[in-house]
Amino acid sequence: MTSPNVEKEPGPQGDPPVQETRNGPEKRKREYKEFGHDEEKPQHANVDMSKIELKAEDLYDKEKVDLETIVIEDVFKLLQCDENGLSQEEAERRLGLFGPNKLEQEEQNAFFQFLSFMWNPLSWVMEAAALVAIALSNGQGRPPDWPDFVGIVVLLLINSTIGFYEERNAGNAVKALMDSLAPKAKVKRGGQWKEVESAELVPGDMIAFKIGDIVPADCRLTDAVNVSIDQAALTGESLPQSKKVGDQCFSGSTCKQGEAEGVVISTGANTFFGRAASLVGQDDDTTGHLQKILAQIGAFCLVTIGIFVLAEIFCLYAGFRYSYRRGLDNILVLLIGGIPIAMPTVLSVTLAVGAQQLAKHKAIVTRITAIEELAGVTILCSDKTGTLTTNKLTIDRNTIRTYGPFSADDVILLAAYASRTENQDAIDASVVSTLGDTARARAGIKLLDFKPFNPVDKRTEITYLEESSGKLKRVTKGMTGIIIDLCTRNKTEEIQDRLEADVEEFALRGLRALAVAYEELDGDDPAAEGNGFELIGLLAIFDPPREDTKQTIDDAMALGVKVKMVTGDQLAIAKETGRRLGLGDHMYPAKVLKDGPDPNGKHASLDDMILDADGFAGVFPEHKYEIVKRLQGLGHLCAMTGDGANDAPALSRANVGIAVEGATDAARGAADIVLTEPGLSTIVHAIRGSRIIFQRMRNYSIYACAVTIRIVVCFSILAFAYKFDFPPFMILIIALLNDGTIMTLSLDRVLPSNTPDSWDLAEIFSFAVAYGIYLTASTIALVCIIIETDFFQRKFGVTLETNPVQHNDRQLHMVIYLQVAIISQALIFVTRSHSFFFMERPSVALMCAFAIAQLISSIIAAYGNWGFTNIQAVSGGWIGIVWVWNIVWFVPLDWIKFGMKATVIKWLRNRRLRATMEASRAASTGIPITRTQSRAASLHESLYSNRVSFIRRAARKVGFGGKVTVKPEELQRFSSIQAHRTGATLARNPSRTNA
């Protein structure tokens, strides 16, 4: 009995054989359509190898040198090494020369990161207010306004500290994730094999790897025994590729079978996926979507404050002839009270809580604002291999074809006999696993002889003794053209026609065909000729979808998110996967992205085609990048899922990049969300969670803008009408209490929307103006009644410090402080609800924070006899009056909300709907859709750039000793381009032994 060897199933290489039968040549040459790749024959480098010095123009000259394809001897000469490996000293020298074999990430300085929270227009206004209080308030015999200055600085520090703490926590979590993924490599140093960190590898090192290992760097093989490499994470190909001596293996690919040795030609950022990672952030708008929204909300607040500050300057100084210091105090009230200084921090904390909730679903958020953008995602572009599918070959039982007396189950069993049960490659594993019980692959038979796959026969064969009958039998499986050639027993014209049609159908559906044949032997000699092979079946092999993928896609579509497949695999495979997942098979090859749509087709433009397609196949990294970019240009927020280096550019470009479990370093570094367990169900959880978070942020934004209107308009009118000088310090107290309460919005109970969310700032500002004016009226009415009448004094027996009441009575200041503090915070219960405020229960945290803040406000009103500011404590009667007054004014707020929805908001939405319909008609007539950014955003968005992001996108170091730029269309060749750089660097820096 021959001991079975490690086998390799039929690979993609090889031409269909010319078929003949014993009766003579066929009437026609039959073409069994198999998936294949053309082999490149090794060439010599077209340079003088005695002068190993590549000039800059040689780096891109493929006719002169290509480390991927030149003969291995020239590789050793170019890299100045041999098969004994580098010495430890030379390896250390090259490590200093080329850098570590890993993707570098830029570390953020903690101090500057903290200061960055004070670098935005909202903070600048508060900082200006602090300067006004400490520097400009001197004069007229009064000292600097230390209480206001200290209060403003404390407010700024509290907000910055909270934001900084959340950001650093998230950054540390991501760093811990990355640090836990440090792979090892087996390398020959000084003639001895040793294990080192993969980061220590350098060009010229000799490395070894075996089944199950990750290839640690780009290399050329110098020794290979039945090697099969899974490089789906890099190229998108779903089938493992066989490799032989001289072939190139990419860093990050997985050895599925055999053992190999090779010489490293590229490391770190210069490997195949390292160069893809260098595209991360290229042509990328560093100003995130949320920062643009912040910019416009901030601009609204700043413009509102600016208008009323100018009005006060003219009115108070020019009209009322205010003294310098008195006017400044009034202006400080507008600056301190009107600026929503806590906005970046509140939104940051809200997003941080969302990130923690996602972590419970095994998703790590590496860019906090991606959560907000995910809420508005309208299109999800997904890689196929390893993302939508398992990247594990499987036999499709439903498509098995039989040609003889055997059933489909019999064909599977016989194919399993002709498969290895140990040290399996992907195809053997798929065949044997189809049995369910893998022990059946050898049950009831005695193995007599096993012939593994070889490049000539392109098939496997087993000869065995069937124990139940005592007969010798033989089974073979392999490439269709080879197997049918052996089948002398039933190789009829009819059978060949059926087989050809079946293979063609499989090819059209993206299924790989594996033929199975069977024969019996007479006598007891296992080496004897059989009675002739008979074709008994055709198996279809495919990469099946993950179990939860179809449900995930259905759920995403139910949430209003369109899913598109973008894969490097073949078009037929992509269409078949799309049909199985319910995505549809309306897909195109990548070449249409270059050539454009058919002039006679239904699509007027390439953008129209991309928007309509279910997916694209055969794409390179630059194609994925272009698809995402064009969809964004059409106004869509795009999410992209992927696991490989070929996905990295698109992951970076997308509004939300999602790296699935098992993704490469390049994909994780480019992504905004990293999944740490298999499956895509987390994405649906993330979409729902992000929409909850979005609702919280929208509620706060309406509240913050309304408070700005309320403070600025209210105290400006009071200053104009009554020369009312409200103490700036009390506005600081209101701001601090508001911030403390509003922080709990991050835990509030809200319902997610069933469609993608969007920031309609016109609606937000409209609600804010309505609420702000109404609350302004509540305060002005109270002041008018107190000053112009004695209603409260007569009815409730309360008094103030002056009688008749003076306009700047210190107790009147306290009454107004309490009224503003209570009803301003109560507004949040109206903005957070869609119906009546009592119909949607808030979180316990929000209710407790509100109750504590109001208790503190009431205690201050009762006992706040502070000499440094212009206030005086009031009686319990006044506190009760203010509470009743606010309750009376609070109830109609819901009716204002309903009235706004029925009038202004309805009109705004109808106008937006008309604009959308007009844009759609324009697109159908071939007129390009353009979206113009608002002036506020264009003026201010850069000032908010990356303000509330957890960590900046990794800065990739490209090139050895200098940056090398590569055009996107050259991406598929960048591995060899970077390897050339290695040779050039070594030539400029020869080792001492060679000097």
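Cβ coordinates are placed from backbone N, Cα and C, and glycine is handled just like the others.
Here TrEMBL flags 1-10 (among others) as compositional bias 'Basic and acidic residues'.
Annotation comment: TrEMBL describes 23-43 (among others) as compositional bias 'Basic and acidic residues'.
Annotation source TrEMBL lists domain 'Cation-transporting P-type ATPase N-terminal' at 66-138. Mean pLDDT for the domain 'Cation-transporting P-type ATPase N-terminal' (66-138) in the predicted structure: 76.
According to TrEMBL, the feature region 'Disordered' maps to 1-44.
What TrEMBL records for 297-319 (among others) is transmembrane segment.
Residues 117, 120, 122-123, 125-126, 128-129, 132-133, 145, 148, 152, 155-156, 159-160, 162-163, 166-167, 169-170, 290, 294, 297-298, 301-302, 304-305, 308-309, 312-313, 368-369, 371-372, 693, 696-697, 700-701, 704-705, 707-708, 711-712, 715-716, 726, 728, 731-732, 734-735, 738-739, 742-743, 745-747, 947-948 of the same chain sit 6 or more residues outside the transmembrane segment (331-353) yet have a Cβ under 8 Å from a Cβ within it. Positions annotated as transmembrane segment by TrEMBL: 331-353 (among others).
Taken from TrEMBL, the feature transmembrane segment applies to 700-722 (among others). If you look at the transmembrane segment (700-722), the same-chain residues 6 or more away from its ends with a CB under 8 A from one of its CBs are 293, 297, 300-301, 304-305, 308, 311-312, 315-316, 330, 333-334, 337-340, 342-343, 346-347, 350, 731, 738, 742, 745, 764-765, 767-769, 771-773, 775-776, 779-780, 783, 787, 807, 820, 824, 827-828, 831.
Sequence annotations record features per position, and here TrEMBL assigns transmembrane segment to 728-747 (among others). Long-range Cβ contacts of the transmembrane segment (728-747) within its own chain (Cβ-Cβ under 8 Å, at least 6 residues beyond either end) map to 133, 145, 147-148, 151-152, 154-155, 158-159, 162, 329, 332-333, 336-337, 341-342, 345-346, 349-350, 352-354, 696, 699-700, 703, 707, 711, 813, 817, 820-821, 824-825, 828, 832, 843, 845-846, 848-850, 852-853, 856-857, 860, 866, 868-869, 871.
For 768-792 (among others), the entry in TrEMBL reads transmembrane segment. With a threshold of 8 Å between CB atoms, the same-chain residues lying at least 6 positions outside the transmembrane segment (768-792) that come near it are 702, 705-710, 713-714, 717-718, 721-722, 724, 798, 800, 805, 807, 812, 815-816, 819-820, 823-824, 827, 830-831, 878, 881-882, 885-886, 889, 892-893, 896, 900, 904.
As annotated by TrEMBL, transmembrane segment applies to 812-831 (among others). Below 8 angstroms of C-beta separation, residues 699-700, 702-703, 706-707, 710-711, 714, 726-727, 730, 733-734, 737-738, 741-742, 745, 767, 771, 775, 778-779, 782-783, 786-787, 800-801, 805-806, 837, 842, 846, 850, 853-854, 857-858, 860-861, 864, 870-874, 878-879, 882-883, 885-886, 889-890, 893-894, 897 of the same chain, each at least six residues beyond the ends of the transmembrane segment (812-831), sit close to that stretch.
Here TrEMBL flags 843-864 (among others) as transmembrane segment.
Here TrEMBL flags 876-896 (among others) as transmembrane segment.
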